[in-house]
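Here the structure comes first, spelled out in structure tokens, and everything after it is commentary.
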Amino acid sequence: MANLVSPETLEICKQAAGIAGNIFAFGLFVSPIPTFRRIIRNQSTEQFSGIPYIYALLNCLICAWYGCPFISSDNLLVTTVNSVGAVFQLSYIIIYITNTEKPKKFKMSALLVAVFGLFAVISIGSMLITDLEFRHLLIGFLSCFTLISMFASPLSVMNIVIQTRSVEFMPFYLSLSTFLMSTSFLLYGVFNFDPFIYVPNGIGTILGIAQLALYFYYHDKSKEESREPLIESVA
């Protein structure tokens, strides 16, 4: 690709894809707001799980760290989007802890401390590595693994959609935001020649397409068939 287009064109395309990814990611980050409005209104977390937000926080922290200049070169837009994401996830977790029952308060608080402890070990440990290439590879593989795991997490929701023939628990705009964000950062990684970005986001794009295909396939069926929800939430 570098031989076909000029470096200036590649840079423009990369920045455009990165900015688009940041915008679409914002839609993904704000999607749980209705859930947490309900939690605040009812002063109860009901059957909602806080674990996905714990895992999303860890993912955002590691990916934000990967984008830092002393880990990888010219990936500042990766750091910005994941830093914003970390703030959102932390806010959701705090709301969850504040409104849940005592056993869950302890569990979620312990998990939150564990996330920050693990991130501290990763960040401090990586800075003690003097070999810059090894440091880049180590954090790159960690960020890639957590990102793929995050994109794979909706597989359980897709299974519920197939079983129930209902898209109730797979909101359209959440699936669309995931697809658009993944596609944007897939292009960003390609333009930046960074496999630690384009590989996981390529997988995320494929899974996003699968979610949208399921949504459109079962959307009409969901209107025709009225079913009682099997679970309170899969969030």
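Here the Cβ of each residue, glycine as well, is placed from N, Cα and C on the backbone.
Under the heading transmembrane segment, TrEMBL lists 16-36 (among others).
Residues or ranges marked as transmembrane segment in TrEMBL: 48-67 (among others).
Annotation source TrEMBL lists transmembrane segment at 79-98 (among others).
Here TrEMBL flags 110-130 (among others) as transmembrane segment.
Per TrEMBL, the feature transmembrane segment maps to 136-160 (among others).
Here the transmembrane segment (172-191) has Cβ contacts under 8 Å with residues 1, 10-11, 13-14, 17-18, 20-21, 24-25, 27-28, 31, 77-78, 151, 154, 197-199, 201-202, 204-205, 207-209, 211-212, 215, 219 of the same chain, all six or more residues outside its ends. What TrEMBL lists as transmembrane segment is 172-191 (among others).
Among the features that TrEMBL reports, transmembrane segment is placed at 197-218 (among others).
Looking at which of 16-36, 48-67, 110-130, 136-160, 197-218 has the most CB pairs under 8 Å to the transmembrane segment (79-98), the answer is the stretch 48-67.
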